[in-house]
Amino acid sequence: MKMEEMSLSGLDNSKLEAIAQEIYADLVEDSCLGFCFEVHRAVKCGYFFLDDTDPDSMKDFEIVDQPGLDIFGQVFNQWKSKECVCPNCSRSIAASRFAPHLEKCLGMGRNSSRIANRRIANSNNMNKSESDQEDNDDINDNDWSYGSEKKAKKRKSDKNPNSPRRSKSLKHKNGELSNSDPFKYNNSTGISYETLGPEELRSLLTTQCGVISEHTKKMCTRSLRCPQHTDEQRRTVRIYFLGPSAVLPEVESSLDNDSFDMTDSQALISRLQWDGSSDLSPSDSGSSKTSENQGWGLGTNSSESRKTKKKKSHLSLVGTASGLGSNKKKKPKPPAPPTPSIYDDIN
């Protein structure tokens, strides 16, 4: 026999009923207190009567479904503009003008100062980033002076190999035309040495600067007088590509002394000079011709034609002689002896 059965069997019915009543009272009290606490909390927080319906308030907010009236029971006018209240300035604005007004009122419009300041800051940041990426060796290139907008357009046009502008000779800032070599390079963007053959590389290094940029890895296509690079840099590049026997070419190559001499050209010019013709002006020559015609009374058509032919041949010979002389580098003149001054006598 178990312990529980022994304990319950020892009690009479009156005691058992009293115990059951006590337990039941505790359960009812707990449930009532819980319900009372919930009602009290709902009343204090203000949501106790939310589920209840008020007939008067329901009539005020009843949806109207009648012809000629809107859902609020007002007469519908399709020409009346709807109005909205601006959350920033609390002004009533027509619905059609609410969006533009809100942009200007909040400072988000196109012409607002905030957008302008933001654009200025963005442009400054872009200019700084472009200047940091730009190579110091290519500071004075043509594309740098034309501006960033034209630079992008120029690079796009240079990418097209069939563009007729690539075959045209470019003009430098100082007015010199680009090199008339069979290998033509773009002076503004440089050229990659990896795409060149040995003959093209040798031709470029004999006529142009050729120093490789550290940032763009392209060769400088300026002349041998390039102010951005030194002779030591040019010599190092030529030794690297052409071997240790490579020599830096001279800027101006002079002709041999046996080929042509300035004294010979001066003698040729003096021998071909026409007596007194170079000193006469066109008006004097015309008057002299008319005086000769009147004095001698001879037919001067043949003599004038002979003189003009002789003069033309003389000018052509003089031009060729001067052209030959200009191709040769002039010999440096010896320094003039110092002129005596009055201070020498005093000393």
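Glycine is no exception: its Cβ is also placed from the backbone N, Cα and C atoms.
Here Swiss-Prot flags 116-125 (among others) as compositional bias 'Low complexity'.
Residues annotated as compositional bias 'Acidic residues' in Swiss-Prot: 132-141.
Annotated compositional bias 'Low complexity' per Swiss-Prot: 275-288 (among others), in sequence order.
Summarising the annotation, Swiss-Prot assigns domain 'SCA7' to 196-263.
Residues or ranges marked as phosphoserine in Swiss-Prot: S129 (among others).
The phosphoserine annotation in Swiss-Prot covers S131 (among others).
According to Swiss-Prot, the feature phosphoserine maps to S278 (among others).
For S281 (among others), the entry in Swiss-Prot reads phosphoserine, with the evidence type a large-scale study or a structure entry.
Per Swiss-Prot, the feature phosphoserine maps to S326 (among others); the stated evidence is a large-scale study or a structure entry.
The region 'Disordered' annotation in Swiss-Prot covers 116-184 (among others).
The region 'Disordered' annotation in Swiss-Prot covers 275-347 (among others).
The zinc finger annotation in Swiss-Prot covers 84-105 and rests on sequence analysis. The average per-residue pLDDT of the prediction over the zinc finger (84-105) is 87, rounded to a whole number.
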The compositional bias 'Low complexity' (116-125) - residue tally per DSSP class, helix then strand then coil: 10 helix, 0 strand, 0 coil
